[in-house]
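Here the structure comes first, spelled out in structure tokens, and everything after it is commentary.
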Ligand code: IPE
Ligand code: IPE
Ligand code: MG
């Protein structure tokens, strides 16, 4: 694993130091990941789909650790979409228990790593025990100052935009501002992500080349990075590869 290539060690020569410095400057501030392929991972091993979800959950810890190591500020993980309710009840039930398990097992470690847990999505509509485990973790990690681990759960980008439009409409009705005052910033300020920067790098595992209703507004100028690797197998090396590739991209935002 070439993990220590980036900012933290190995300042042996001037040339190296310069490269390291450049790398450090181009570390993405916000990485968003569509963690896809748990079911296929299990299927390939002749296991039930839920075995893939469990393995996928364990992988989150590994990726949080490396993201923290690279001083990524925000890691947004797509854990459950508004469309995932279409799945069989037994699979949904299992998926709803995973956050409880995850936090039970890993919260002490996340505290040690100074990770701050947040969510985007309709957490209020989750089963009560799932919601309360998440709320407890948010509260407990509230004053941590390291990586923001932002879990997208019961998240759908189109729903989020509809909600934004509705609350802006209400504010217009109440005379808080006029229609002409509505700008792109107004929409953004009414999304779940109002307090976050947009993702610089958006990763999807499992070979699917689509966004599946994830951060449609926020990823307007994100760099996209796809891999065939199934989420439970996505490791530190590939994470680093994605960052290295990102560092070589030229972000133009429509300019030249
Ligand atoms: C991603 O893995 C996890 C969730 C969507 C909850 P999948 O369950 O979608 O795995 P595949 O795509 O069927 O392999
Ligand atoms: C996207 O994966 C949602 C999550 C990873 C949570 P899906 O497996 O639900 O996406 P589609 O159905 O293949 O587009
Ligand atoms: Mg999938």
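Glycine residues also receive a Cβ, built from the backbone N, Cα and C atoms like all the rest.
Here is what TrEMBL records for this protein:
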type	residues	note
BINDING	36, 223	Mg(2+) binding site
ACT_SITE	36	active site
BINDING	37-41, 49, 53, 81-83, 85, 87, 204, 210-212	substrate binding site
ACT_SITE	84	active site, proton acceptor
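Features as recorded by TrEMBL, highlighted on the structure.
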{"residue": "36", "record": "Mg(2+) binding site", "Cβ neighbours (10 Å)": "20"}
{"residue": "37", "record": "substrate binding site", "Cβ neighbours (10 Å)": "25"}
{"residue": "41", "record": "substrate binding site", "Cβ neighbours (10 Å)": "24"}
{"residue": "53", "record": "substrate binding site", "Cβ neighbours (10 Å)": "22"}
{"residue": "82", "record": "substrate binding site", "Cβ neighbours (10 Å)": "17"}
{"residue": "84", "record": "active site, proton acceptor", "Cβ neighbours (10 Å)": "17"}
{"residue": "85", "record": "substrate binding site", "Cβ neighbours (10 Å)": "13"}
{"residue": "204", "record": "substrate binding site", "Cβ neighbours (10 Å)": "23"}
{"residue": "211", "record": "substrate binding site", "Cβ neighbours (10 Å)": "16"}
{"residue": "223", "record": "Mg(2+) binding site", "Cβ neighbours (10 Å)": "20"}
Near ligand 1, which of the binding-site residues 82, 204, 211, 223 are found, taking a Cβ distance under 6 A to any of its atoms? none
Residue 36 (Mg(2+) binding site) and residue 85 (substrate binding site), distance between Cα atoms, whole Å: 16
If you measure residue 41 (substrate binding site) to residue 84 (active site, proton acceptor) at Cα, how many Å is it? 18
Given the recorded positions 53, 82, 84, 204, state which is nearest to residue 36 (Mg(2+) binding site) when distance is taken between Cα atoms. 204
Just to be sure I understand the packing, how many Cβ atoms besides its own are within 10 Å of the Cβ of residue 39 (substrate binding site)? 21
When you measure from each Cβ to the nearest atom of ligand 3, which of the binding-site residues 36, 41, 85, 204, 223 fall under 6 angstroms? 36
Kindly assign residue 36 (Mg(2+) binding site) to one of the three DSSP-derived states: helix, strand or coil. coil
Can you tell me which of these binding-site residues sit near ligand 2, meaning the Cβ is under 6 Å from at least one of its atoms: 36, 82, 211, 223? 36
Cα distance, residue 84 (active site, proton acceptor) to residue 37 (substrate binding site), nearest Å? 14
